[in-house]
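**Q** Copied straight from TrEMBL:
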type     : residues : note
REPEAT   : 68-100   : repeat 'ANK'
REPEAT   : 112-134  : repeat 'ANK'
TRANSMEM : 232-252  : transmembrane segment
REPEAT   : 292-324  : repeat 'ANK'
REPEAT   : 326-353  : repeat 'ANK'
REGION   : 476-501  : region 'Disordered'
COMPBIAS : 491-501  : compositional bias 'Basic and acidic residues'
DOMAIN   : 504-611  : domain 'PGG'
TRANSMEM : 507-528  : transmembrane segment
TRANSMEM : 548-571  : transmembrane segment
TRANSMEM : 592-612  : transmembrane segment
TRANSMEM : 618-636  : transmembrane segment
Amino acid sequence: MNPDVYRAASTGDSSFFETMTDPNSSTLLEVTIEKNTVLHVALQFKKIEAAKKIVNLSPSLALKTNSKGNTPLHVAARVGDFSMVKLLMDQAKKVDLETGGRRQFLSMVNQDGDTALHVAVRYSNFDVVKELINENYPTELAMQVNKAKESALFLAVDRQDYNMASYILSATPDCSYAGRHGMNVLHALVLHTSCYCNKGNLLLKEMEENRQKFETVPQRFRRANPRVTRSVFAVLWIINMLFLIPIPKFFFEDDSKEKYHIPWNKFETIPKDFVKKVMEKCPSTIEQGDDLGWTPLHIAAHMDNVEFVKLLLEKGNSPAYVRNKEGLSALHIAAKEGNLEVMKELTEACPDIYELLDNKGQNALHAVAESGWWTGIEFFVRRPELESLINEQDEKGRTPMNLAANRELYNALKSSNSKCVDLNATNKQGFTTMDKLLLTSGLLIDSTERILWEMGARPSLRGALLKMGIQKFDPRKKQKLAGDGNSNSDGDGKGNGKDKGSGDANMLVATLIATVTFTAAFTVPGGYNQNGNVGEGLAVLRNTTAFRVFLIANTLAFGLSTTSVFVHFLASATIDEIVAFHKKLARRIAFFTNWSIGALLVAFIAGTYTVVPHSLGITVTVLLCCCFLSSMFFPLTTGTI
């Protein structure tokens, strides 16, 4: 493109274009590297007056596209000048197009399949949306979807712009409700109004509470060294946000009312009127599933969004019976997540919904027993009308009690009514729940076995023979006892191989730590006294606090890692006979190894601090490193026991 033309368009020099009279001038038809015309350039730089001059001079430029397929109308929709949008549409009438050319102009799409309406919605330009919708073909424009299968209405809802979405829904006789991945508008509504409802998202609630504490920075810290203050609060913020480690009140108590506000996204409440309007205008969206078969009700049940569940069931209870591609109903999903309020709503609206089975032949009680929510099990076992579910078997012959015992849900077992539960039911392999526990417990007798025995559970004849060694059983199939759902269906022993691999990795790490700490014990920081006096051979820095911390942490790391190595060696001698015992033991050994890593970290920091020159900067840096690395370490050790 001619530099003078580009400069005039980008700076808005309207007088430059007033001197041009030939609409077919080659100068006006030149393009940039990205095939932008002079009209594209003027609109990109928001030079509206210059753009009007250009489009009046050469109306054919309104139909040109750049390398991304964007017409000037796309650019004007992104910029948000509705007067320019109107001018472009008016100029399109003047172009010698075939019949229906105006409709074609409005429906032109870029390489992403977006129309100008998509672009206007994406950039929240409500005035442009109104201008486009007010044209003669609003229905056809609102019905178009881009390559991601997103309609303009879905984009508006996805951006939580419900005013714009309501306008599109009301102003068009018909519009598309489609969204990406097979979702529709209701899917997006559920997702965006469930952020504070899901039990799994309680983390967000706690993070929000902690954030409010950080809004007030104590005056005493603002009077301190700015670098130190920023460093301290940056580390505290990271630790608090990532791991929710409590911060002492000392950092927040302050009489000052001055606040430093930190941006945080607030989630809107459910736009009930809009939801009802969508369900009334397009009832099929209620039961429509996405690519995985999940309906809006499935998502609401998963996210514990009780209010949305009530809205979706207002038009009838048929959505509750819809199953996804795994065969899971909304009750199955709510049961898996332990969402009791949703379960109550579903069972009250559909008393027979508990009879639904998934693709594995499991009912909702199977789902809650397998997931581990003992409160969900109580919901079923304490309701007389649902007692029949307790002894139902799935395709592998497993009852909910089998799955609950596999998960060692002590509270659920105590709460179940032993008179209703058939504790001696066998699966298709002929094993009972007690067989599963006895044949995999090895040397460890846990409380689950005692509870089941007191409730009347007994091993089967085959299980007793295997336990006494009268019959032999393939060790690779031990995970299949009592229908363990996590075992390999082919019985190829890959599960045991995985456990062995984890044990080998743990053994290697423990050995390395033991080697390093053993060496560090005899090459202490600062060296030894070699002056020939009374203290010859002793550590030079033995009287410093940091050295003592180093010695204690190094000893602790050596002891824990050595214990881990020793127990690994001991367990390996009986691994073939006591598979489950080795698993439980390995889980506890990993705990020792994890803490030995933590002790090694402390020893390193203390040793480094001992030998470096003491200064405020180094002290603060070492302490911050210790806090940050410890914050990464402690969350990893909480789930190892």
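From the backbone N, Cα and C atoms, a Cβ is placed for every residue, glycine too.
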**Q** Give the residue counts of the repeat 'ANK' (326-353) per reduced DSSP state, in the order helix, strand, coil.
**A** 19 helix, 0 strand, 9 coil
**Q** What counts of helix, strand and coil residues does DSSP assign across the repeat 'ANK' (112-134)?
**A** 15 helix, 0 strand, 8 coil
**Q** DSSP says what for the repeat 'ANK' (292-324): how many helix, strand, coil residues?
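**A** The counts are 18 helix, 0 strand, 15 coil.
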**Q** Averaging the per-residue pLDDT over the repeat 'ANK' (292-324), what integer do you get?
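**A** Averaged over the repeat 'ANK' (292-324), per-residue pLDDT gives 94.
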